[in-house]
Structures are given as C-alpha cells and as structure tokens.
Amino acid sequence: MDERVTLRSHLDRAGAKTPNRLAIAAVIEGIAAASIDLADLIADGPLAGITGRLSGVNSDGDAQKDIDLVADRMMRRALLVTPVAAILSEEAELPEILDVAAPLCVAIDPLDGSANLENNISVGTIFSIRPRGNDVVSTFFEPGTAQCAAGFVVYGPQTTLVLAHNGRVDIFILDRRAREFLLVAQGVRIAPNTPEFAINASNRRHWHGPVRAYIDECLAGIGGNGGADFNMRWIGSLVAESLRILVRGGVFLYPADARPGYREGRLRLLYEAHPMALVMEWAGGSATTGRRRILELSARTPHQRVPLIMGSMRGVRDVAAIHEGIEPMFDNSDAPLFARRGLFR
Ligand code: F6P
Ligand code: MN
C-alpha cells in the first residue's frame with residue numbers, strides 16, 4: 001500500500017453517521033496502544049521477567065500464567081480512560097462496571113493462547129465491542145449481532161491488528177519504530193473455497209458423527225466426495241489460525257466433543273467466538289456451531305463455551321450440511337452415522 005495510513009487516520013475517516021463513532025474509535029485506539037506495550041513485553045519474554053510460570057487458575061478453570069494477568073491489567077488500564085461502561089475479561093469471573101453512563105461495553109481475551117508462549121508461537125488479544133443497553137450487564141447477553149466492532153491482535157513475527165469495523169475487515173501491522181499501526185490491507189475477503197482444514201485431530205475418538213464425517217471426507221482427498229486434496233494445519237492458537245484463514249481461506253473447527261468439560265466446545269462465546277464470527281462474516285466468510293449461526297447466539301453465562309466452525313463459505317456450508325442430516329449425539333460407531341448421510345451425495 002503506497003499511502004501511509006495510520007490506525008488513527010483510518011478511524012478518523014469512518015463515516016460521520018456511524019453511531020458512537022468517536023467512542024468506538026477511542027476504544028479501538030486504547031486497545032491498540034496497550035497491545036503495542038504488550039507486544040514489547042511478549043517479545044522480551046524472560047528478559048522482561050516474564051517466566052511463563054502458572055500463577056493460578058481463572059474462574060473458568062483455565063491455567064493462568066503471569067503474562068495473562070499482566071495483559072489483563074494492561075488492557076483494563078487502557079480501557080479505563082475510554083468511554084466504556086463495563087468490561088468482561090476472560091481473566092475475571094464477572095463483568096466489571098466502569099461507568100454506567102458510557103456508551104460501549106467490551107468483552108476481551110487479553111492474551112489468548114498463552115500456553116504457546118514458551119515455544120515462541122504467536123499469541124493474541126481478542127476484543128468485542130457493543131453498544132451499552134439500558135441495563136449494562138445485560139448488554140453482554142445480547143446476540144453477537146449486537147457487536148458494532150471487533151478484532152484481534154496477533155503477536156507473531158509481526159504484530160498484526162485485524163479490525164472488523166464499519167462493516168468490513170482491515171489489517172494493520174505495527175511499525176515498531178514509529179510505535180503505530182499502519183494499514184496494509186483493506187476490505188479483506190476470505191477465499192470462498194480453499195481445501196484446507198484446522199482441527200486438533202488428537203481428539204478424533206471424542207468427536208461426534210458430523211465432525212468425523214466431514215474430516216473423513218477431507219482426508220479422502222481428490223478421489224473422495226469432496227473432490228479435492230485437502231491440506232491440514234493446527235497451530236493451537238486461535239488468533240494465528242484466524243489470520244491464516246483471512247489470508248488464504250480454509251476451515252477451522254473446535255467442535256463440542258465427548259470429553260468432560262467439552263460438551264459445549266472449548267472456546268468462549270463472548271470474547272472468542274462472537275468477535276471471530278464478526279470478522280469472518282464481514283470478510284465474506286461464515287461461522288457456525290454446525291447447527292446455528294454464531295452471531296445469532298446469546299450467552300447465558302459470562303464464560304459460556306460454544307462449538308466454533310468458521311472460515312471459507314464453502315467449507316463451513318459443507319460442515320453445516322452434514323450436521324443437518326445427523327442427529328446431535330455422541331456416537332463413536334462409524335458405520336451407522338456414515339451410512340445415513342455423506343456430505344457430497
Ligand atoms: O483459548 C483457547 C486456545 O488457546 C486457542 O487459542 C486454541 O485454538 C485452543 O485453545 C487450542 O486448544 P487445544 O490445546 O485443545 O488444541
Ligand atoms: Mn482464549
């Protein structure tokens with residue numbers, strides 16, 4: 001991109017008629033500024049005293065590392081001076097009210113995938129912004145369609161900000177010397193039909209029928225009903241997988257499975273699935289549980305989990321088509337489920 005467009009100038013250009021335009025811009029800039037400091041800390045890791053050691057367990061039972069808590073503090077501090085009524089963070093049990101009169105609410109995963117840090121694999125910050133309803137806390141229990149903006153930062157070889165804002169998806173990269181994000185791609189569109197899937201295949205024996213049927217169709221390759229040789233990736237880092245899908249397409253699956261604690265999937269609706277679904281849809285892709293569009297779901301509890309299948313239009317549609325024909329049950333016997341319905345027959 002020839003012209004040097006900073007995040008700030010990009011946000012300034014947003015349509016004057018967009019409701020809460022200035023407030024949304026302030027929140028995005030606050031998160032972006034905190035993410036620049038967090039990128040420094042992550043890059044230095046042990047040199048900055050980040051040990052990667054466990055500090056405890058969060059309210060939802062996930063292991064918390066020292067860096068998770070630092071990231072949470074950094075994001076909160078940044079949001080405190082923005083027009084935010086309440087924050088729901090992965091690291092806290094309940095939403096925290098900041099200013100009941102402020103126009104926006106933010107759900108945030110301050111540092112997703114921190115288990116990857118010791119291996120120097122990309123991690124990220126995921127955020128979801130929605131207009132405050134009459135009752136502040138109830139705002140978080142509206143469907144994902146209520147979001148007015150969302151996005152994520154990837155702390156990898158580059159620090160990348162993916163922003164769903166004003167109905168489209170734009171990508172920025174941190175200029176480390178100038179300490180500002182610069183626009184590198186606008187109006188990103190996800191390739192509609194990339195034969196690539198991402199799933200933690202070590203859980204195959206726990207999957208339910210539709211997911212096993214879909215992956216088996218992919219593995220059958222060009223000779224199978226899918227009619228293509230599929231490639232596979234699994235990074236184990238949601239932000240990195242999501243950026244890959246934006247760049248080259250494919251389907252990501254973290255389904256529900258039969259393991260205790262995974263009956264509703266692994267990823268959290270409010271600060272993982274909802275924001276990623278907004279990014280996917282605004283980039284021309286799609287996101288579903290297999291049976292329902294993610295953006296139409298409302299959370300019942302702050303840290304509710306949900307199956308997440310997202311990415312290229314064709315792949316997500318195929319996964320949903322298989323789900324339609326198979327009952328939602330945890331049946332690990334191949335024959336009856338596969339016999340009842342194939343994907344491309
Ligand atoms: O927050 C959850 C997360 O770290 C995601 O970034 C990632 O997609 C997933 O967990 C990996 O899960 P698993 O270790 O089960 O493959
Ligand atoms: Mn997370």
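Cβ atoms are placed via backbone N, Cα and C, with glycine included.
If you look up TrEMBL, you'll see Glu90, Asp109, Leu111 marked as Mg(2+) 1 binding site. The Mg(2+) 2 binding site annotation in TrEMBL covers Asp109, Asp112, Glu272. Taken from TrEMBL, the feature substrate binding site covers Asn200. The domain 'Fructose-1-6-bisphosphatase class I N-terminal' annotation in TrEMBL covers 28-185. As annotated by TrEMBL, domain 'Fructose-1-6-bisphosphatase class 1 C-terminal' applies to 191-323.
A Cβ distance below 6 Å to any atom of ligand 1 is met by none of the binding-site residues Glu90, Asp109, Leu111. A Cα-Cα distance of 7 Å separates Glu272 (Mg(2+) 2 binding site) from Asp109 (Mg(2+) 1 binding site). Summarising the environment of Glu90 (Mg(2+) 1 binding site), the number of other Cβ atoms within 10 Å of its Cβ, over all protein chains shown, is 25. In the vicinity of ligand 2, defined as a Cβ distance under 6 Å, the following of the binding-site residues Asp109, Leu111, Asp112, Asn200 are placed: Asp109, Asp112. Cβ neighbours within 10 Å of Glu272 (Mg(2+) 2 binding site), excluding its own Cβ and spanning all shown chains: 26. Here the Cα atom of Leu111 (Mg(2+) 1 binding site) is found 20 Å from that of the residue listed as 'substrate binding site'. Surrounding the centroid of the Cβ atoms of Glu90, Asp109, Leu111, where the record places Mg(2+) 1, the chain contributes additional residues within 8 Å, namely Asp68, Ala71, Asp72, Ser89, Glu91, Ile108, Pro110, Asp112, Ser114, Thr125, Ile126, Tyr271. With respect to their backbone Cα atoms, Asp109 (Mg(2+) 1 binding site) and the residue listed as 'substrate binding site' stand 21 Å from each other.
Note on the domain 'Fructose-1-6-bisphosphatase class 1 C-terminal' (191-323): DSSP counts are 60 helix, 23 strand, 50 coil. Cα of Glu90 (Mg(2+) 1 binding site) to Cα of Asp112 (Mg(2+) 2 binding site): a span of 9 Å.
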